[in-house]
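What Swiss-Prot records for this protein:
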- His80, Gly121, His122, Ser123, Gly153, Ala154, Asn181, Tyr288, Glu370: thiamine diphosphate binding site (BINDING)
- Asp152, Asn181: Mg(2+) binding site (BINDING)
Amino acid sequence: MSFDISKFPVLAKANTPEELRKLPQGLLPQVSDELRQFLLQSVAISSGHFASGLGTVELTVALHYVYNTPFDQLVWDVGHQAYPHKILTDRREQMHTIRQKNGLHPFPWREESPYDTFSVGHSGTSVSAALGMAIAAGKEGVGRKVVAVIGDGAMTGGMVFEALNHAGDLHNDMLVVLNDNEMSISENVGALNNHLAQLMSGRFYTTIRENSKKVLKGMPVIKEMAKRTEEHLKGMVVPATLFEELGFNYIGPIDGHDVDSLVETMRNMRNLKGPQILHIMTKKGRGYEPAEKDPIGWHAVPKFDPSQFKKPTTKPGLPTFSQVFGKWLCDMAATDDKLVAITPAMREGSGMVEFSQRFPSQYFDAAIAEQHAVTLAAGFACAGLKPVVAIYSTFLQRGYDQLIHDVALQRLPVLFAIDRGGIVGADGPTHQGAFDLSFMRCIPNMIIMAPSDENECRQMLYTGYCYQDGPTAVRYPRGFATGAEQIDTMTMIPIGKGVLTRQGQKIAIVNFGTTLEAATDAAEKLDATIADMRFVKPLDLGLLEQLANSHDVIVTVEENAIMGGAGSGVIEALHKMRIVKPVLQIGLPDEFIKHGAPDEITAELQLDAQGILAQIQAFMA
């Protein structure tokens, strides 16, 4: 569907940045107001990331007004906040398709628009990418400007400071906009600071500053006194010291919702030499009261009615696997004060809210710093604590070296509760949990488990927690559990042992994880044997040998990349046992899985019951 653009008369004149730049500056506040209302109505219909975009409306308008995009390059960090950017860059009429199959990508995406200079989805990449572009722009020598936009949350990642340190050393021209939405606009972010920012970014101040540096270069004592005086004066009103020490000229903080001040400050900063930081203060959820009061709850939303001022409530039903994990975590912490749980800024998504409230001294949020989170767990384990790392599959990729070097190599008993394993859906290729079984399976000393239902998930978490001879991983999907009867008593599962769940003939289906239900449906129609393998590593070699010797064909099923996944492990095991048997591997293909509803993607990839049946029948034909 498309919106009645006549309700947004000024925004209608700014379908592209080129059109926006033709408008008089006096209309920019109205453009911002209409853009915010359009975003509100659009996301209410489509679902998607919400609160972040509401907070970056004025910033987006100012950036595209001052900078000659797409010639000048904007790099957005993560991309949750980039919906206003998409609306202003000739994608307004497609916004209702965002995150849907064949619709707009949920994040800035190079293949989608020339205005999207860098494809994103994970945090902390913008400054590094922008620095690369800035260096290239300097070599090109045609006056191209480069801007990175990063939020205060992403600034907790070490990669950002690595890039800032490098940029300050190289001294290429670039602007980093720090969008600080941790707190609401405070009194010191008003007329005085806006005026100060414009003054300090203006030609007079910067010329005096640079010329003074040249004059004082040969007089180090006086130069140091001048520097201290400048820092003292600036330090009274701005937290400049950290960025200045990294080699950046710091401007701010200024009101990120005052579009005129943003435009004037950016105009001044556009022509400054060297690396620049513009610190702006914004309010996440700006302009929609429920989102302002609860920006975390309104970070991403389903379809909703804006007039109701509340998110739609879901009917009580099956728990999610994240909730199953959260309950297990609380149950264990109640009996063992040595348990410590770590998350890299994913408390809500990982089901840890209750745990963090009931056991605050055992809860550690490492912020968006996956490398640190994994090695923090290693340190806990060395000291005799029992760490559990709750992490999304896609984010564990960012702590891979630490998993190998700091945990597995030392055979430390760290339990990894890996959420979002397999197809995630609407967030697309940056968030699909497609690779974890493949990249963990090759690591020595790892125990890897894939539960088929929520009860098995609890028992596996307990098994991993009790196992003290090295790291363990329990990998489970996003979404609702299967409805299996829960067994409250927790018992250890024998390491490396699978179970037969159906006896058939000719075809043996070897399943890993929650694809068991779909695989079982296919097995019923084929009169096939099916095994719930439970362990990806170590494999149940005895069960595999038995199945291979009594069946004509082996079929492996997993929601992971086929290359290097559990099925590859089965083939390797059969080869080692010198058993020659046809093997069909069913799983994710050798491509990045696009965005869409999980059931749509599953059907397209033939990972549902009908697709598994069709693949086996084609293989047997």
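Numbering starts at 1 and runs along the chain as displayed.
Note: Cβ is positioned from N, Cα and C throughout, glycine not excepted.
Distribution of Swiss-Prot features across the structure.
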residue : record                            : DSSP class
His80   : thiamine diphosphate binding site : coil
His122  : thiamine diphosphate binding site : coil
Asp152  : Mg(2+) binding site               : coil
Asn181  : thiamine diphosphate binding site : coil
Glu370  : thiamine diphosphate binding site : helix
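Taking a C-beta cut-off of under 8 angstroms and a sequence separation of 6 or more, Glu370 (thiamine diphosphate binding site) has the following same-chain neighbours: Pro344, Ile391, Phe395, Leu396, Arg398, Gly399, Gln402.
Those residues noted as binding thiamine diphosphate (His80, Gly121, His122, Ser123, Gly153, Ala154, Asn181, Tyr288, Glu370) have their most widely separated CA atoms at a distance of 32 Å. Remark: of the binding-site residues His80, His122, Asp152, Gly153, Asn181, the most isolated position is Asp152 (fewest other Cβ atoms within 10 Å of its Cβ). Put simply, Asn181 (thiamine diphosphate binding site) is 7 Å from Asp152 (Mg(2+) binding site) when counted between their Cα atoms.
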